[in-house]
Structure formats: C-alpha cells, structure tokens
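Feature list (source: Swiss-Prot):
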- 1-59: region 'Disordered' (REGION)
- 34-59: compositional bias 'Polar residues' (COMPBIAS)
- His83: active site (ACT_SITE)
- Asn161: active site (ACT_SITE)
- Tyr371: heme binding site (BINDING)
- 511-547: region 'Disordered' (REGION)
- 527-536: compositional bias 'Low complexity' (COMPBIAS)
- 537-547: compositional bias 'Basic and acidic residues' (COMPBIAS)
Amino acid sequence: MKDDHQNKQHQSNAQGSEEAFSHKTSGKNESEDTLTNRQGHPVTDNQNVRTVGNRGPTTLENYDFLEKISHFDRERIPERVVHARGAGAHGYFEAYGSFGDEPISTYTRAKLFQEKGKKTPAFVRFSTVNHGKHSPETLRDPRGFAVKLYTEDGNWDLVGNNLKIFFIRDPLKFPDLVHAFQPDPVTNIQDGERIFDFISQSPEATHMITFLFSPWGIPANYRQMQGSGVHAYKWVNEEGKAVLVKYHFEPKQGIRNLTQKEAEEIQGKNFNHATQDLYDAIENGDYPEWEVYAQIMSDDEHPELDFDPLDPTKLWYKDDFPWKPIGKLVLNKNPENYHAEVEQASFGTGVLVDGLDFSDDKLLQGRTFAYSDTQRYRVGANYLQLPINSPKKHVATNQEGGQMQYRVDRAEGQNPHVNYEPSIMGGLKEAKQDGKDHTPHVEGDVKREAIDRTNNFGQAGETYRRFTEFERNELITNLVNTLSTCRKEIQDQMIENFTKADPDYGKRVAEGLKKVSENNSNGPIGTTETEQAAKQAEQESHPSDPY
C-alpha cells in the first residue's frame, strides 16, 4: 500500500511539474515577439553593451552580452567527418503492401510495408561525402542518401548513397579510404595522386572508380539522382525465415548527371545549386518522389555466382534478381531550421525495426558501430532525444544522465525510484516477441582473411561496356586528367587494373596518358589545371593601392 501511495504521489507531483513548465506566460509589456535571453529576461537594448559612460570600458556584469557571445562561440558542433555538406527535407513513405505481385508478408513482417496506402513519416538527408560543410555541390564525389523512417515500431534508418556499390568491402580500410580522398594533411589540398595511390593498391575499388569518374560521379541535383542502400540486408517473416534484400530509390523526376565542364560552369554561378534546387522545388509544391524497389535473394552463399552476394563492391543484376516495387518516397516539407533538423539529424545502419535484420556484410557491420559512435561524439550522448532523431512513438528506457539530457524517458505509471530491470517494484518490463526469431547458423575458424570470390574486375568491365559511348569518353577524359598528375608507378598499376576489367578500357587510358605531358601538379580530382589556376589568379588580377 505504501508503494502504491508513493507512486501516485510521485505521478501527481510529476504531472504538476510538467504542467507548470509547459505553461508559458508573458510578463508585463511583453508580447509573443518580444526578444528575451535564454533565461526568459526581456532584452530592452540589443544595440549597446553596458559601459562606464558611452565611451568608457565595458563592465563585467553585461549578462545579456556574455550569454549572447558565449552561445555564439559554441554555435557549431563538430561537422561530420564524412557527409558534412548536406541538405534535407521531410516527407513520407507510402507502402504498396506487396513485393511485386506477391504479399510482402511472405518475406518480411515489418509493419510499415504491410498495408497498401499506409504512410510512414520520413526525413531524408542528401550530402556530398569527402568535403567540408560549405564545399561546392558540383564536386566529383558520391552523394549520400540517408532515410529516416518514423515507424510504429520505432525508427528505421537506411543510410545509403546514390551509387549502388562502394570502394571497399572491409571496414578496416575505411579510415584509410577517407584519408586518401580528403585533403593532404600538410597542404590541405585534395590530391589526385594520393587518391590513386590508395585506389591502385585496392583493386576492389576499380568498379566504384569506374562509376565515380563517369558522369554518374556528379549528379545534377538531389531530386534527379538515384538512392541505394548499397548493402545486402535481410527481411525476416513471421516464421523467422530470412531472405537477403537490397533497396533502390528511383527518381520519378528522371536521372540527370553532369560532365566535368558543365559542373565547373555551374560552380562559378552557384556552388549551393543542389540545396537551392531541392528547397525551391518543395516550396513551389513540386514535391520530389522516388519509386522504392527491392531485390531479394535466398540467404545462402550462392556458389553459382562469380561474386559473393554480400560484397558491397558488386551489383545484383536486374536480369538475375528483378527489382520489384514496394512503395514510394515523397518529400513535401522543408526544414524550419537547418541546424536543428539537417545538421543534427543522426543516422545509423544499426537502426532497424522488427522484420528487418543485418546480413554478414563486413562493411555493413563495421558501419553499424561507427555511425552511432560518431553521433554520440558529434551531437552528444542524448542525441536521440532531439526532435529530429526521436521516434514518433512511446519511448521508455532506464538510460539516464549524460550531456544535455533534458527529459527522462519514463513510462506512465513507472516507479521513478526503479531505473533498472528486472524489478517487481513498478519498473519497466520486457516486450513480447513478435514472430519467431531469425536464428542463422554460423561456424568457422576465427581469422583475418579476405572473402574467396573477390572478382575485383569482372563487374567493372561489364559496367564499362554497358556505358554509352558518351559516358565512356567522359570517363576516360576524367581519369586521364587526374592520373596525369600521378607518378608513373601509379599510372601503370591503374592501367593494369583497367585492362583486367576490359582491354579497351586499359588501352584508352594508356593512350590518353601518352597525349598528356606528365607533371607533378597536386590537382584536385577531375582536373589538371589547378596550378595554372593559382598562377592565373596572380597574373590576371588587378593591382590596387593601399588605403
């Protein structure tokens, strides 16, 4: 009886406190648009600091100024180590309730897919990868395509890219990959020789480089580019049976890409063009849409294939594993505040709901730790309490404390004295399991070893042959322009790799390099004219007298 009375008293007190803090009042001579400081104090003079006389020294008790400037000093959180430059929008995913002509429940019990016409709120963040927060959106770079779906079972994050494959398959190489693509730690200049030094010694990257240096490496904007989950995931049905699955987002606006020359011309006019394009389209009611497709494959090793189906450097070809529609993604609302929503939006490949699961893709499993870890560093331990990241459903947890906690995620009626589980004193209880667990059988020796079926060049050659002649020409031009800045050993290794992919591919790169005089310019990706540009700025600039 004592415990019941105590719990009711705490609930009453908590309710009273919440009501008191949620009720906002305005003081005398205040209206809704009255400027205040963060303490709620009205600001009567926002133009002048407090001084001894109007020309005298400032006083230390300038609280409004000290609060204002101190907050300004801390306005920026650490930018993302990759995908720093981004844009985002709100919208929804609408399910078709089927996988092609079959009920989707045959393959997955995830609730958001089951009912035709069911809409799930979504937030999508697009990005470039290797450059800083305010870098141009015209650079040759993969584009991030990260989707957060606020489902009835909690959040699901699908953290993908526009290109359907990746450079590497082992997460141990990821920091080195990023270091190679990002600026030189001494000069702070992106260096094509550093990039191809790494790529030439990582033959599994040949396929991705083939896409990146073609027009597919510079999407025209975010609305007219594809999205992909890149990795093989799993769908799990009510019986606990699983299939491998890949996700694809195809823009209903069509797909458009840029050549290097076109991108440079656009960059000279507006280096925020993709962000502006997305924002303006939504403001004008021209809501971008993507048809969402899935491919499935039985959850086994597939020895009949010449590649490992879990290898993220490989495509699953449509002819073998058809794309089937499962829904559509629509973006219909711009963010109200960029920092609060787009910058603080936090995604993780480990954020899955019931009916979805991981595959044994090594890179996927490495990302699953890295993404959530970087959000805790970048945004804080309580990043999931921010509105953009918080699920749109009941949350109750015994996690507490940490930097910037501003609420306790407690269940209604929970005994506030019990912040652990199990308990018989009014604490939280475990949920009931929906469907059967998926229990894959795994056995083997623990070792450091690459997968058996690497086939690093087969699909790179197939992609080269499937390109149009225009795409092949642009690919060769861009590769030659950057490789011409590299030492001969790197050029020779890349020619060897391209030749293994397709003899014509290697031959054309070799012929192109013969026509370009070798130089040691540390040029950025896709151009050999960077040193000339630096000299041009000095030679063609206009002198001015000091003042």
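Here the Cβ of each residue, glycine as well, is placed from N, Cα and C on the backbone.
Here the features listed in Swiss-Prot are painted onto the structure.
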residue	record	contacts (Cβ under 8 Å, 6+ apart)
His83	active site	Arg125, Ser127, Thr128, Val129, Gly144, Ala146
Asn161	active site	Val129, Pro142, Arg143, Gly144, Phe145, Gly227, Ser228, Val230
Tyr371	heme binding site	Val159, Phe347, Gly348, Thr349, Gly350
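Beyond its flanks by at least six residues, the compositional bias 'Basic and acidic residues' (537-547) meets no residue of its own chain at a Cβ-Cβ distance under 8 Å. With a cut-off of 8 Å between Cβ atoms, the residues of this chain six or more beyond the compositional bias 'Polar residues' (34-59) that come close are 26-27, 65, 67-68, 71. Tertiary neighbourhood of the compositional bias 'Low complexity' (527-536): same-chain residues 189, 260, 264, 481-482, 484-485, 516, 519, 521, selected by CB-CB distance under 8 Å and a gap of 6+ residues from either end. DSSP classifies Asn161 (active site) as strand under the three-state reduction.
Secondary structure at His83 (active site), as computed by DSSP, is coil.
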